[in-house]
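Contents: one structure, followed by commentary.
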Amino acid sequence: MKKVCMIYTGGTIGMKKTENGYYPEPHFLERSLKQIHELSYHEVPEFDLIEYSPLLDSSNIQMEQWTKIAEDIFEHYDEYCGFVILHGTDTMAYTASALSFMLQGLSKPIVLTGSQIPLEEIRSDARDNIISSLMIAGEGQISEVCVFFANKLFRGNRCVKISSDEKGAFSSPNYPVLAESGITIRYFNRNIDIPKGAELLYTPIKKQNILVLKVVPGISYDSFTKLITEHLDALVIEAFGSGNIPNRSHELTKLLQTAEQNNTAVVICTQCLRGTTSIGEYETSSQLKDADAICAYDMTVESTVAKLYYLLSKGYNRKQLKKWMETNIAGELSR
Ligand code: ASP
C-alpha cells in the first residue's frame, strides 16, 4: 500500500482564530483532519502526519526550517511514495524554490500546499488542496518539488504568490502548469521535463546576507550604497523590463564599485512577471554589464534568492556563483 508523508509546518491551513488574529495552534490541524471522511476513501493514499514544533506563520520561516524539511524528507525518503508539505502561503514560493535546490535527483513528488481559509472554517479551500495534493503525491507522476493550489500544480521554483485574498493565490507566470485537477487530475507531460533522478542528493542551506532592491523612478542609490558592506553577500536588483535601471547619476557607479570592493554579488532580476532579463540590450543596463553583474534571466525573485542561499552555502567564489546562477539547476531557468 502506498503511503505519503505529510509534514505540517504551520500556516493558515491549520490556524485557529484568536483575539490576536489567526494563530497555528498545536494539534489543531490533526484534530480537524479527522473530520474529513474522504481521507479514508481508497482513492486517497494513507498518510503519516509529522507536525513541527513550534508551528510557524510562514513569515517567520528561516533557513533552519528549510533544512529541517529537507532533512526529514531525506531521512524518510525510502519509506514513502511522496511527500506533502503543509505550509503558509506567504513564503511558500521561497520554501518550494529552496527545497528544489536542496533536494536534487528526486524520483518522487514533493507537493507543497496550504490554504487561504483555515481548514476549520466555512468555505475553506484547505480540504480540496489537501486531498488533491495527497493524491498527486501518491500517484508519483512527478519527480520534482511543486506547489498545488486551487486546482493547479505548479513547478515550485517557478511559482509566485499573486493574491493575498483570492483562492487562486499562486501562479507561475513564466512556466506552464504541470497538472490541473478537474474531474480527473490531468498531467501535462510536455511541461514535466525533469527526469526521475537515480539518487537523492541533499545539500543543507545556511543563512546568508541577501538584500533585494526594487528600483523605482527617482531612486537615490546613495542610501542603499550605505547598506553594502563586507557582510552583504548578495544584492538582488529588481530592474525594469529586460534589466534596465536609472543610470544618469554617478550614484550608480558608486553603488557598483562599493559592491565590487566588498565582494558583494550583484544579481539582476526583472520586475516583470513574464519574460527574461537580458543585460546589455539597452544602454540603461550597460553599466551592469560592465560590472559583470549576474543575470537572473527568467527566474522569479523568490527562486533567485533561494538559489543564492543554496550556492553561497556551498561556499562558491564569485566566478562560480555567476556561472551557476546563470545555469539551470532544477528547472528554475529556461536556458
Ligand atoms: N500568514 C500565513 C502564512 O503564511 C498566510 C497563509 O498561510 O495563507 O503562514
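Cβ from N, Cα, C; glycine included.
The domain 'L-asparaginase N-terminal' annotation in TrEMBL covers 3-190. Each residue in the domain 'L-asparaginase N-terminal' (3-190) has a pLDDT score, and their mean in this model is 97.
Feature annotation from TrEMBL assigns active site to Thr12 (among others). The Cβ of Thr12 (active site) has Tyr22, Gly88, Thr89, Gly114, Ser115, Gln116, Ile117, Pro118 as same-chain neighbours under 8 Å, each 6 or more residues away in sequence.
Summarising the annotation, TrEMBL assigns active site, O-isoaspartyl threonine intermediate to Thr12.
Taking the Cβ of Thr89 (substrate binding site) as centre and 10 Å as the limit, one finds 22 other Cβ atoms among all the protein chains shown. Look at TrEMBL and you will find Ser58, Thr89, Asp90 tagged as substrate binding site.
Thr89 (substrate binding site) falls within neither a helix nor a strand when secondary structure is assigned with DSSP, and so counts as coil. The active site annotation in TrEMBL covers Thr89 (among others).
Sequence annotations record features per position, and here TrEMBL assigns domain 'Asparaginase/glutaminase C-terminal' to 210-325.
Within 10 Å of the C-beta of Asp90 (substrate binding site) there are 18 other C-beta atoms, taking all protein chains into account. A Cβ within 8 Å of the Cβ centre of Ser58, Thr89, Asp90, the residues given for substrate, is found for these other residues of the same chain: Gly11, Thr12, Asp57, Ser59, His87, Gly88, Thr91, Met92, Gly114, Lys161.
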